[in-house]
Amino acid sequence: MTPKTTLYMVVCFLQLCIVKGQTICERQIIAEWRVEPKHVVMEWTLRRNICTDFYSECWNVNKNITKEDKNLSVPQICPVQLQLGDSLFISSEPSFQSYGMNLINVSKEEFINCPKTIFLEEQQIFVCQVRGLHKVDPTWLSVGTHYFAELHKRGPHLCNMGLRLNVTVKQQLCQETPNAPLCSKHGRCLSHVWEKQYSCHCFSQYSGKFCQNFNVCSTKPCHNDASCIEKSEGTRNSYECACPPEFSGKNCTEIVGQCQPHTCFNGNCSNVTPNTFLCECDKGFTGKHLRDKI
């Protein structure tokens, strides 16, 4: 064993001694799509941000664990989620820079078990060994989940100690056309930490994949316990009120019958059609025939 390798192993041991207790990764459970992409820097180090339990530590959520999820509970750098178009930079731990290491793209199985010493050239993330700050080429950051792991031909294999990274890249499905506003400006483009993409979460009066539909019934246009039925007429939404037997009119505000003396006790009666009338209330009264005080 060369002095350089011995020194490197001592440095690794000291790093592992620094890492005490469990790391709970800080993250947002729900993220909102950013209009502008951003640069994300991941520190390639064993000194901090190494989690083990896939849910409670790495994702900081409570969730029922499946057998497949349990397999992912291995020491690893806190996973990262990116928007499509974000830039990812890997910053190598200074103590590694004189030694150098390879960062390779691996399968999920290799991520769990750590890759062997032999790897294909096309798996290599960087053409040179990792020293300092390196930008990950966008070709490695397509939509989906990617697994990166450390590998070098000599010295200890630090992948088992936690030098591996789970990267998820998400796209947004919040625009009806490329130039359309997100969620038609009637909602928010959000993604839960476990969802594979960003999608629209509409404001209360809107619906549809892009929040493009106005739910006119949410404004409660039908009166007197009538039912509101939404209807689509061309590009606009309309509604129809199913009135109780004693009421009529578009919004069920007209009473079936004709004005008679004292029909409206505290207000004015006016015939709307040959078959319906309205009571216009005096201040402080309400009800079908204006008998009720407010």
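Note that Cβ sites are derived from N, Cα and C of the backbone, with glycine treated the same way.
What TrEMBL says about a protein is an automatic prediction, not a curated fact.
Of the cysteines Cys228, Cys252, only one is given by TrEMBL as the disulfide partner of Cys243: Cys252.
Candidates considered were Cys183, Cys217; TrEMBL assigns the disulfide partner of Cys200 as Cys183. For Cys259, the cysteine that TrEMBL lists as its disulphide partner among Cys264, Cys269 is Cys269.
Counted over every protein chain shown, other Cβ atoms within 10 Å are most numerous around Cys183 among the disulfide-bonded residues Cys183, Cys211, Cys252. Between the CA atoms of Cys259 (disulfide bond) and Cys252 (disulfide bond) there is a gap of 17 Å. The CA atom of Cys269 (disulfide bond) is located 46 Å away from the CA atom of Cys183 (disulfide bond). Long-range Cβ contacts of the domain 'EGF-like' (213-253) within its own chain (Cβ-Cβ under 8 Å, at least 6 residues beyond either end) map to 186, 204-207, 272-273, 275-276, 278, 288. With respect to Cβ neighbours within 10 Å, the disulfide-bonded residues Cys200, Cys202, Cys243, Cys259, Cys269 differ, and Cys259 shows the lowest count.
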